[in-house]
């Protein structure tokens with residue numbers, strides 16, 4: 001039987017592009033873990049993706065995950081758009097390369113390990129876990145030791 005995990009994610013970018021960060025909160029029963037990270041130059045969408053990737057990557061074994069995000073880009077991308085992108089060799093319906101393809105491939109690999117229910121919550125609407133993820137992401141984006149987002153392409 002798979003463990004049931006609640007995973008909340010958010011990304012933030014100060015400028016877009018600019019310094020960015022991600023935050024994730026994982027809840028398993030009475031256990032809670034918060035993770036975050038920041039990058040010198042990135043975009044909001046990349047940080048939204050990174051939050052989901054890093055949250056899922058934290059799980060050591062296959063789990064039943066209820067992932068809540070305020071990003072329709074992430075939720076629709078992974079549940080709908082990715083099917084066509086993969087069929088078309090990671091091209092959009094307009095025959096353009098998929099943006100953030102490096103992170104979409106990483107997310108696709110992480111998703112394959114788990115059973116995931118994707119939920120959307122309106123950002124900045126007072127949802128406690130989403131607000132906490134936003135705080136983690138903003139704090140990470142404002143940090144002094146920011147990593148390089150090697151996949152970012154202007």
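Glycine too: its Cβ is placed from the backbone N, Cα and C atoms.
Residues annotated as domain 'RNase H type-1' in Swiss-Prot: 1-142.
Other Cβ atoms within 10 Å of the Cβ of residue 48 (Mg(2+) 1 binding site), summed over all protein chains shown, number 28. Mapped onto three states, the DSSP output places residue 48 (Mg(2+) 1 binding site) in helix. Annotation source Swiss-Prot lists Mg(2+) 1 binding site at 10, 48, 70.
The annotation Mg(2+) 2 binding site is assigned in Swiss-Prot to 10, 134 on the grounds of sequence analysis. The secondary structure of residue 134 (Mg(2+) 2 binding site), as reduced to three states from DSSP, is helical. Sequence-distant contacts of residue 134 (Mg(2+) 2 binding site), defined as residues of its own chain at least six apart whose C-beta falls under 8 angstroms from its C-beta, comprise 10, 12, 23, 123, 124.
Annotation comment: Swiss-Prot describes 126-147 as compositional bias 'Basic and acidic residues'.
Long-range contacts of the region 'Disordered' (126-154) within its own chain (CB-CB distance under 8 A, at least 6 residues past either end) are made by residues 6, 8-14, 17-25, 27, 34-43, 46-47, 51, 68, 70, 100, 102-103. According to Swiss-Prot, the feature region 'Disordered' maps to 126-154.
Annotated Mg(2+) 1 site 10, 48, 70; additional same-chain residues within 8 Å of its Cβ mean position, judged by their own Cβ, are 9, 11, 12, 47, 51, 69, 71, 74, 123, 130, 133, 134, 137. Counting residues of the region 'Disordered' (126-154) by DSSP class, helix then strand then coil, yields 14 helix, 1 strand, 14 coil. Shown are the binding-site residues 10, 70; the one with the most C-beta atoms within 10 angstroms of its own C-beta is 10.
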